[in-house]
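Here is the structure we will look at.
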Amino acid sequence: MSKGKLITFEGPDGAGKTTVLEAIIPLLEKAGYQDIMTTREPGGVAIAESIREVILDVNNTAMDAKTELLLYIAARRQHLVEKVLPALEAGKIVLVDRFIDSSVAYQGSGRGLEKMDIQWLNDFATDGLKPDLTLYFDVTAEVGLARIAQNKDREVNRLDLEKVDMHYQVRNGYLQLAKENLERIVTIDASKPLNQVIAQAIATIQEKL
Ligand code: TYD
């Protein structure tokens, strides 16, 4: 049994979860939580970062949806074994930018792959490990896409090039996941001003810790 806490950050592209994650680390440290580790998927360790490059390469337009899913799952496994599990065993609070729910929302709702298959593959990759808490940053596809368009520094990846339709489906997938996992997933309205979103994220995490 792990001693730490696994907290995941989820949401459609443009929800701002990565910005919020960066902002809350110093705030959590100030509140007395010292042993925090942050990481992201896909990536976080060398093998998984290599897989990430393949997945997100804008030239890989020939990639099949199941291939895409399997690559995310492979990156998840490696990242978990090499980085997340040791940190949890050391008692750390591990904050992860994207985890199992991204596969269900993007490859399930977005790409139309069978959700039962994805859940099974997630369980296979994680040996059934579930986050202690998931913050779901909710924005409409319109708001998310408008934010991405505004952020000129953001690197464009292959999934950003998907049609608007996919962004709608991803959000619907997240809303359904949130409804089905009320004990784990807390929904945060990420269309609100950033300071309010950060405050709600911190409050939710502190309640859990
Ligand atoms: P990234 O640049 O990390 O986007 P963000 O900052 O929004 O997290 O790119 C990750 C992309 O990969 C993002 O579009 C979501 C997608 N993704 C999946 O489709 N399935 C998954 O299982 C994961 C982890 C990510």
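Glycine too: its Cβ is placed from the backbone N, Cα and C atoms.
Just so you know, TrEMBL annotations are computer predictions that nobody has curated.
These features come from TrEMBL:
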DOMAIN    9-198  domain 'Thymidylate kinase-like'
BINDING   Gly11, Pro12, Asp13, Gly14, Ala15, Gly16, Lys17, Thr18  ATP binding site
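Proximity to ligand 1 at the level of Cβ atoms, with a cut-off under 6 angstroms, picks out Asp13 from the binding-site residues Pro12, Asp13, Gly14, Gly16, Lys17. In this structure, Gly16 is the one among the binding-site residues Pro12, Gly16 with the smallest number of other Cβ atoms inside 10 Å of its Cβ. With a cut-off of 8 Å between CB atoms and residues at least 6 apart in sequence, the same chain places Phe9, Glu10, Gly11, Asp97, Leu135, Phe137, Ala190 near Lys17 (ATP binding site), listed in sequence order. Counted within 10 Å of its Cβ, the other Cβ atoms near Gly11 (ATP binding site) come to 27, all protein chains included.
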